[in-house]
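Peer 1: Following this message is one structure expressed as structure tokens.
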Amino acid sequence: MRINIFSWHFFGLYSALWGLATGAFPSSVQIGGLFIRNTDQEYTAFRLAIFLHNTSPNATEAPFNLVPHVDNIETANSFAVTNAFCSQYSRGVFAIFGLYDKRSVNTLTSFCGALHISLVTPSFPTEGEGQFTLQLRPSIRGALLSLLGHYDWSQFVFLYDTDRGKSTLTNTLTRAICVETFNEAAYRRLLEELDRRKEKKYVIDLEPERLQSILEQAVSVGKHVKGYHYIIANLGFKDISLERFMHGGANVTGFQLVDFSKPIVIKLMQRWNKLDQREYPGSESPPKYTSSLTYDGVLVMAEAFRTLRRQKIDISRRGNAGDCLANPAAPWNQGIDMERALKQVRIQGLTGNIQFDHYGRRVNYTMDVFELKSNGPRKIGYWNDIDKLVLVQNENGLSNDSSAMENRTVVVTTIMEGPYVMLKKNWELYEGNDQYEGYCVDLASEIAKHIGIKYKISIVPDGKYGARDPETKIWNGMVGELVYGKAEIAVAPLTITLVREEVIDFSKPFMSLGISIMIKKPQKSKPGVFSFLDPLAYEIWMCIVFAYIGVSVVLFLVSRFSPYEWHAEEPEEGAAEQGPTDQPPNEFGIFNSLWFSLGAFMQQGCDISPRSLSGRIVGGVWWFFTLIIISSYTANLAAFLTVERMVSPIESAEDLAKQTEIAYGTLDSGSTKEFFRRSKIAVYEKMWSYMKSAEPTVFTKTTAEGVARVRKSKGKYAFLLESTMNEYTEQRKPCDTMKVGGNLDSKGYGIATPKGSQLRTPVNLAVLKLSEAGVLDKLKNKWWYDKGECGPKDSGSKDKSSQALSLSNVAGVFYILVGGLGLAMLVALVEFCYKSRAEAKRMKLSFSEAMRNKARLSITGSVGENGRVLTPDCPRAVHAGHASLRHPGLAVVSSGLP
């Protein structure tokens, strides 16, 4: 059945054909894919690798696409394999990625050798010198022989199902049984027969589907108890389900090719976990080692094509895409160049270093050695061509002697969480622990120096801190890594809790913290037009207005009733009698009283002052009142005009609990959620009741998701998380989150070790020493504040431009000034019109003529003709009578002349 997994546009095909026709390196490279039954996950890995290659940008070289042509072989016989291979060959593929079994391997390798088409395969290695076959799967023979030598096995049972197992047998020289044609009943009868012979040691070299079946039969006949020892001779120890062996007591040892703690594997796992299980079969479970080899196979082919393009080798298939059954065979002329480029590949893949010898076999590879403990698989060593078998601990577990810790590599599990553990910017250029940086990376280094151990950082594969499944009772995350023996220390932001303390040991806390509230930082309030009124409350301003009116009225009344405010000037003796004065007998009318009070309030002088004692008392208390009010106002004015305030809608957990407009939540699993679930405090019970029933859910899967939700919710979501992460996020761009209120509880982060580990006491002492020396505080300042991107927290230092007042701060003052000037002009106009009308009636003139005369008087200071003299010119000897003021600026002078 032929499956084409990509659809290409006509233009893309045309460009590829044109490239081939012109001899240039094609922009679309045709590759083949042959898959047998039960390889759905391998097929998914193949598709994913091609998709990532075709969509990943390449900044140094012009990109090219891999165009796959895939055939699934339902029945792996010679006829089906021949048809599939000929179909691939006729399409003009440059290389074929294929899986085979015992029945199809000879046919497939024979065609490749005859037609010079390279085959890249993750299937079991074959004996002989297949010239055009690259074997991605390393040989397990050397590692197995080293392990047998370590255990000093002189007699054991060897179970195998392939020619690979048969070739391995020739190097072990012991009793062997081929179980290729066995079914489950046959497995059971075989094991019962071996049990009667008292066979206790087994080497099992089977493909995964048969391996799982025989292990289940071993459990059913009781051969999983103490005294039995199994060595599983494949490269995917973690791919095997061994739960039923964990508590039986039997010793199970195996090999693991893929290191899930490597950054390249972690990065792929993140993409793998996001695949749609319906579209990508097999993606619901972690990739097996054969799937990882498949992924690496695509990387090898892509790297070989890059090499050919850099060498400008023409790999066109002109005239070579004919009949694969032609006699004599017509091999591809550039097939040897293609094979040479493939064998020269040297890259880092999911299965470690990928390199081939002259015969297309893997060389310079490393595989880990694992052993099943009562708490799960545990790495006990590794094997490579140079060092051979290296054990990192003896088979009895960790020694109780503290000196045994020296020069021993300890697996340190941690979690990728900033600022605790992060990948460096150019982490690909580094190896091992040097690829990481962060608070916990530095802390692990300091502890290792104090204890005197070597360590290897391992990122927890599932990205979880550690919680127990309520149904299966299985621990996940870093706690699970410790419980099941996959790591020996956890250096991470792991909260010390009761349920965790029951299964692992904690050191003294290296960091104290508590649950805190994160909200989106509110916008700074912009000053209003009348912000100069803010230093005093509106109630005070109203009281000042009423006080001003009241003082003016009281001053008016006391001036009316007090005789000392009434005055009439008497003429001096001998002085000529003067006409009546225009000065009023009492200066403090109602308007003058208002003017006096206003002048005093504005700290300005006034031409009149009270003469009576009662009036001066009123003026004195008013002056005292204005002194205090003006001083208080001035003291607060600068702060209100220069400081931009942020008004937070939430200040505490109580504020969150008593409102429903702002949603709030926690991580979906972890100590924070557990705190609210178990709390008996009324406020927290109310918050938990809201959170568990809220729709949509207020819980998030990761801290990063919670922070992103806070930033996108426009102030309508608050995230409850540990204060250290809250403070760190507050110092990261875009600097739009903030911590409000105090911590809701008090707890600590501790370094965890397995129960009963001899590392607990040294680690505990190291933490205390680092705390007393101030190293822990220095590390926190380094990763929280020294590397912060938002400046010092609560810093009061600002640049000069931020200290200066802007026009918006004092705009209201200018508005009042302009408004007052406009009002004055309007009042002057009203007065002008009013007096003009009065003058027109008195002088019996028209209103317009009176207005012209008044305008002339306002401009020139004199009047016009028609009996209205400009300036009276009186003789010096003439006695001028008294002038009566009838109009401001216009005096009617009467003389005594006839």
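Yeah, the Cβs are placed from backbone N, Cα and C, and that goes for glycine too.
A quick note: this is a predicted structure, and the numbers were derived from the prediction, not measured.
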Peer 1: Write down the one residue from GLU446, GLU539, GLU722, GLU727 that TrEMBL lists together with PRO493, THR495, ARG500, SER671, THR672 as binding L-glutamate.
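Peer 2: The candidate from GLU446, GLU539, GLU722, GLU727 that TrEMBL ties to L-glutamate along with PRO493, THR495, ARG500, SER671, THR672 is GLU722.
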Peer 1: Choosing among CYS735, CYS874, which residue does TrEMBL name as bonded to CYS790 by a disulfide?
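Peer 2: Of the candidates CYS735, CYS874, the one TrEMBL pairs with CYS790 is CYS735.
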Peer 1: Could you identify, going by TrEMBL, the member of CYS324, CYS440, CYS543 that forms a disulphide bond with CYS86?
Peer 2: CYS324
Peer 1: Are any of SER671, THR672, ARG677 (the recorded positions) within 10 Å of ARG468 (site 'Interaction with the cone snail toxin Con-ikot-ikot') when you go C-alpha to C-alpha, and if so which?
Peer 2: none
Peer 1: Using Cβ-Cβ distances, find the residues under 8 Å from ARG500 (L-glutamate binding site) that belong to the same chain and are at least 6 apart in sequence, listing them in sequence order.
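Peer 2: In sequence order, GLY466, VAL479, LEU494, PHE506, ALA752 meet the Cβ cut-off.
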Peer 1: Ranked by the number of other Cβ atoms within 10 Å of their own Cβ, which of the recorded sites ARG468, ARG677, LYS769 ranks first?
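Peer 2: Selected residue: ARG468.
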Peer 1: Sorry to bug you, but what's the C-alpha spacing from LYS769 (site 'Interaction with the cone snail toxin Con-ikot-ikot') to PRO493 (L-glutamate binding site), rounded to the closest Å?
Peer 2: 19
Peer 1: Around the C-beta of PRO493 (L-glutamate binding site), how many further C-beta atoms are within 10 angstroms, looking at every protein chain?
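Peer 2: There are 22 such Cβ atoms around PRO493 (L-glutamate binding site).
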Peer 1: Give me the long-range Cβ neighbours of GLU722 (L-glutamate binding site): same chain, 6+ apart, Cβ under 8 Å, in sequence order.
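Peer 2: Once residues fewer than 6 apart are set aside, GLU722 (L-glutamate binding site) is near PRO493, THR495, LEU513, GLY514, ILE515, SER516, THR672.
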Peer 1: Which residues in the same chain, at least 6 apart in sequence, have a Cβ under 8 Å from the Cβ of CYS324 (disulfide bond)?
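Peer 2: Spatial neighbours, sequence-distant, of CYS324 (disulfide bond): PHE85, CYS86, TYR89, SER90, PHE111, LEU115.
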